[in-house]
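A.B. asks: Have a look at the structure that comes next, please.
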Amino acid sequence: MLEQNIKKVLYSEEEIIVKTKELGAQLTKDYAGKNPLLVGVLKGSVPFMAELMKHIDTHIEIDFMVVSSYHGGTTSSGEVKILKDVDTNIENRDVIFIEDIIDTGRTLKYLRDMFKYRQANSVRIATLFDKPEGRVVDIDADYVCYKVPNEFIVGFGLDYAENYRNLPYVGVLKEDVYSK
């Protein structure tokens, strides 16, 4: 049923898991003995973060934030709103934001700057997908699984109007679905 709205599959579940394992190995190496705090940016980060955690072989803690700059549409409103903040004190902590996709970059730039202000020891960004063509602010992720074209993609946590997050793969949504 959902597949009928997908123009093409970009990455299969198996391909995503392979990249996530590679990233987990890199984070294990980079954070050995440091107990970093992984902060998932809800809701889209859930499948990626759940898969990634299985492949990090060092102590970690997790927390979550609900942050929005889209408010249900396909384009960023430009205004970042924190709907749920972390519960963990991040002062002197190594923080890794876990995100499904970086598009405009507004949300993660805002969060990175805020956590630096709150005196985190370090702030890094790990994203499943990076869409550099969509960037409107100067920010880059420290860890990127895939760079993607400037197309509207869904699946593996990525949504359109809260739908399609449950697809096990990532695909391009047909334009007629979101241009109605």
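Every residue gets a Cβ built from N, Cα and C, even glycine.
The active site, proton acceptor feature in Swiss-Prot is assigned to Asp103. Annotation source Swiss-Prot lists diphosphate binding site at Lys43, Gly44, Arg165, citing similarity to another entry. If you look up Swiss-Prot, you'll see Glu99, Asp100 marked as Mg(2+) binding site, on the strength of similarity to another entry. If you look up Swiss-Prot, you'll see Lys131, Phe152, Ile153, Asp159 marked as GMP binding site, on the strength of similarity to another entry.
For each listed feature, how buried is it and what is near it?
C.D. replies: Secondary structure from DSSP puts Asp103 (active site, proton acceptor) in coil.
Annotation for Lys43 (diphosphate binding site): spatial neighbours Val66, Gly157, Asp159, Arg165, criterion Cβ-Cβ under 8 Å with sequence separation of six or more.
Taking the Cβ of Asp100 (Mg(2+) binding site) as reference, residues of its chain lying under 8 Å away and at least six apart in sequence are, in sequence order, Val41, Gly44, Ser45, Pro47, Phe48, Thr127, Leu128, Phe129, Phe156, Gly157, Leu158.
In the three-state DSSP assignment, the secondary structure recorded for Ile153 (GMP binding site) is strand. All protein chains included, Ile153 (GMP binding site) registers 26 other Cβ atoms within 10 Å of its own Cβ.
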A.B. asks: Helix, strand or coil by DSSP: which one applies to Asp159 (GMP binding site)?
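C.D. replies: Looking at the DSSP assignment, Asp159 (GMP binding site) belongs to neither helix nor strand, so coil.
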A.B. asks: Starting from the Cβ of Phe152 (GMP binding site), draw a 10 Å sphere and report how many other Cβ atoms land inside it.
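C.D. replies: Excluding its own Cβ, the number within 10 Å is 18.
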A.B. asks: If I take the alpha carbons of Ile153 (GMP binding site) and Glu99 (Mg(2+) binding site), what is the distance between them in whole Å?
C.D. replies: 14
